[in-house]
Amino acid sequence: MATSSAAAALRLPASQLPLSARPSSSSTLRFPPRRPARRGGLAVSAFTKLSEASPVAIPPEPAQPLPDEEALPPKPGVYGVYDPAGELQFVGISRNVRASVEGHRRKVPADLCGSVKVSIADEETPDRTVLTNAWKSWLEEHITATGKAPPGNVAGNHTWVGPPQRPPDLRLTPGRHVQLTVPLEQLIDRLVKDNKVVAFIKGSRSAPQCGFSQRVVGILESHGVDFVTVDVLDEEHNHGLRETLKTYSNWPTFPQVFVGGELVGGCDIVSSMAEKGELAALFKK
């Protein structure tokens, strides 16, 4: 899968959250010794310390663009989000730090997102262990300095990493051998008009089957918008959808994204609109 897609932040199991999240144990937390990850016999990815990373201001309004990609890169790394008063609220890791921060500021109250510190991995595709060790190091540094974990990393706090509420992929028919009582084109029309945002993709929302579909899903998720997906490759439940949809939308390729019953376009158009802030404005209408 393409690592450049705007995916959601990596979710770590609750068992990996620091025991110091409980006040009684915060002063005794000890992480296992850090060992540099190796690939081909060479150590990789040296991360900046939390205390040495420079804060980057986060605009309070989601409609305002984030700082440029040099300040907040769309790359793998570790990041810490601070409230406007300068208190660390959450430490996370991501394959796309920029997309993760964008997703946070759209879902988390504005009084929790004032600035962010970032340290980017040396490699384009670092091993997960490398990122996890950086995450542990930042948490350990903060806990050593303050005696407690950031609120968002405390077990039971779902403000930042709550389980995603994803609706299942929609199916247009019960099965390919079931006789339809209405034309397939009418089902498509009803679907795109009854749901604010619909993405017709190759594969499922959780497992897109092409890079373009994966990128579209990542962009929509990073905007925090509610959307439904339809798998155009599902010949059992969406038999004939691809050809019928091409005629309905007068658009020859997939994915296809509809907003408010109108076709927005495919991956290139959606990506361009997202970069210009036009997609966020469209979702607010």
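Every residue gets a Cβ built from N, Cα and C, even glycine.
Given the structure is predicted, the values throughout are model-derived calculations rather than measurements.
As stated in Swiss-Prot, the feature region 'Disordered' covers range 53-72 out of the listed 53-72, 73-92, 173-192, 193-212.
Listed ranges 1-40, 241-280; the one Swiss-Prot annotates as region 'Disordered' is 1-40. Across the region 'Disordered' (53-72), DSSP helix (H, G, I), strand (E, B) and coil residues number 0 helix, 3 strand, 17 coil. Annotation for Cys267 (glutathione binding site): spatial neighbours Phe212, Ser213, Arg215, Val216, Pro255, criterion Cβ-Cβ under 8 Å with sequence separation of six or more. Only Lys202, from the binding-site residues Lys202, Arg242, Asp268, place their Cα within 10 Å of the Cα belonging to Cys210 ([2Fe-2S] cluster binding site). There are 11 other CB atoms within 10 A of the CB of Asp268 (glutathione binding site), with all protein chains counted. Look at the Cβ of each of the binding-site residues Lys202, Arg242 and count the other Cβ atoms within 10 Å; the largest number goes with Lys202.
The binding-site residues listed here are Cys210, Phe254; among them, Phe254 has the most other Cβ atoms within 10 Å of its own Cβ.
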